[in-house]
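**Student:** Before I ask anything, here is the structure I am working with.
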Amino acid sequence: MSGDSLRVAMLSVHTSPLEQPGTGDAGGMNVYITELSRALARSGAEVEIFTRRTSSAQPDVVEVGDGILVRHITAGPFEGLDKNDLPGQLCYFSAGVLRTEAARTQGWYDVVHSHYWLSGQAGMLAADRWNVPLVHSMHTMALVKNGSLAPGDVPEPAGRVIGEEQVVEVADALVANTAAEAEDLVTHYAADPTRVHVVSPGVDLETFTPLPPAGADGARDTAAAERAALGLPADRKVVVFAGRVQLLKAPDVLVRALGVMADHGDELPLLVVLGGASGRPTALRELEALAYQVGVSDDVLFLPAVSRSELARWFRCADLVAVPSRSESFGLVAVEAQACGTPVVAADVGGLRTAVQDGRSGVLVPDHDPHRWAAVLRDLLRDDERLARLSRGALEVAAHFSWDTTAEETRKVYEQARVA
């Protein structure tokens, strides 16, 4: 594994990088795997992403770019399986991964990089069989999530906790998005600190770009045209939430905050919810019902998840992007919003403390009390000068994140795991 020669087996059992983020189980991890793979390929690596087939129409292999293949592995029925059902399909999935390597020259892959604990379980077997290092990214951790559950949310099962502990014990290297995540690995899972490496995710600065700065020729017309194209009012503040509609992501906090603002007679922004139900099929309907219950149905626009380029357009046209998650290992959407020059209001949890610089690129809210969120939104949306200052800071913060840097640092982790 010297020079540019590197072959990576990337494992993502429960969600494919080809799926639309913001729907089902697809989210920031999908973007992470896709963008990391692209950056690794630009550095000369070959990446093969193994994921579970969820449709008979999916071909065995999809080439998604130079040096990047997605391999669909049949493991269980294509439809009807919840993520919690997938541990029972890991044997079939692992067998499919091993068969792929068995058809090639021995020693084809240099490293296994697994994502999420399900993939880590399969990765342990593959890395052992191929005698290559296992590098693992948790993305989320059951013990962390269970420590910050929303009322009514279901805790992660003990089987997941045990599975995560096994992966942490066996992995040659663990990649954490932030120092806080690294600390969680050591504190909650007794990870060996010498095997934990902090590598920040990046952001696609070619897709997520700002509008022309205020005062530039045609800037006002461009902004108005962008809003008009999305059907947004030109003279109303807009707050965007982009993500899966589930209790963990806490869009209900925003809806309740709008209800509080309405009760106080405040001028309400338009809240745009971009995303579909995840976990519970009724999650979106329940959020719509909540908006009706608190009297803000006409002030919340529910739309399905959109492509990356369309998401950038929504971010550019928003006055604020809100990320009220109860637990977040990083919060990629927050950095993408800032790359568009849009300040972020986020919960003061986990990786969001790294993704958002409080007072410089956005505001971190210390809890999930709708009254506190209402106060923060009210104060920000009334202060155009402050929004403009935070917008400038958002661009500065986002400029420090790069997928090429992420790939470079990840390759170093691969190298260290190989020689350990």
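Backbone N, Cα and C define each Cβ position, glycine as well.
Just so it is clear, the model here is predicted, and its values are computed rather than measured.
Look at Swiss-Prot and you will find His14, Asp25, Ala26, Gly27, Gly28, Met29, Asn30, Lys83, Tyr116, Thr140, Arg160 tagged as 1D-myo-inositol 3-phosphate binding site, backed by sequence analysis. Residues or ranges marked as UDP-N-acetyl-alpha-D-glucosamine binding site in Swiss-Prot (evidence: sequence analysis): Gln20, Pro21, Gly28, Arg244, Lys249, Val306, Glu328, Glu336. For Phe315, Arg316, Ala318, Thr342, the entry in Swiss-Prot reads Mg(2+) binding site.
How buried are the listed features, and what sits near them?
**Tutor:** Applying an 8 A CB threshold to same-chain residues 6+ apart, the list for Tyr116 (1D-myo-inositol 3-phosphate binding site) reads Ser12, Val13, His14, Met29, Ser137, Met138, His139, Thr140.
A helical conformation is recorded for Gly28 (1D-myo-inositol 3-phosphate binding site) in the three-state DSSP classification.
Within the same chain, the residues at least 6 positions away from Ala318 (Mg(2+) binding site) whose Cβ sits under 8 Å from its Cβ are Val238, Val239, Val240, Val272, Ala337, Thr342, listed in sequence order. Secondary structure at Ala318 (Mg(2+) binding site), as computed by DSSP, is coil.
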**Student:** Check the binding-site residues Glu328, Glu336 for other C-beta atoms within 10 angstroms of each C-beta and report the one with the most.
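**Tutor:** Its Cβ has the most other Cβ atoms within 10 Å: Glu328.
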**Student:** Compared by Cα position, which of the binding-site residues Arg160, Phe315, Arg316 is the closest one to Val306 (UDP-N-acetyl-alpha-D-glucosamine binding site)?
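**Tutor:** For Val306 (UDP-N-acetyl-alpha-D-glucosamine binding site), the closest Cα among Arg160, Phe315, Arg316 is found at Phe315.
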**Student:** Other than Phe315, Arg316, Ala318, Thr342, which residues of the same chain sit close to Mg(2+)? List them in sequence order, counting a residue when its Cβ is within 8 Å of the Cβ centroid of the site.
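**Tutor:** Other same-chain residues near the Mg(2+) site: Val240, Ala312, Trp314, Cys317, Val321, Ala337, Cys340, Gly341.
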**Student:** Cα-Cα, whole number of Å: Glu336 (UDP-N-acetyl-alpha-D-glucosamine binding site) versus Phe315 (Mg(2+) binding site)?
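**Tutor:** Cα to Cα, Glu336 (UDP-N-acetyl-alpha-D-glucosamine binding site) and Phe315 (Mg(2+) binding site) are separated by 8 Å.
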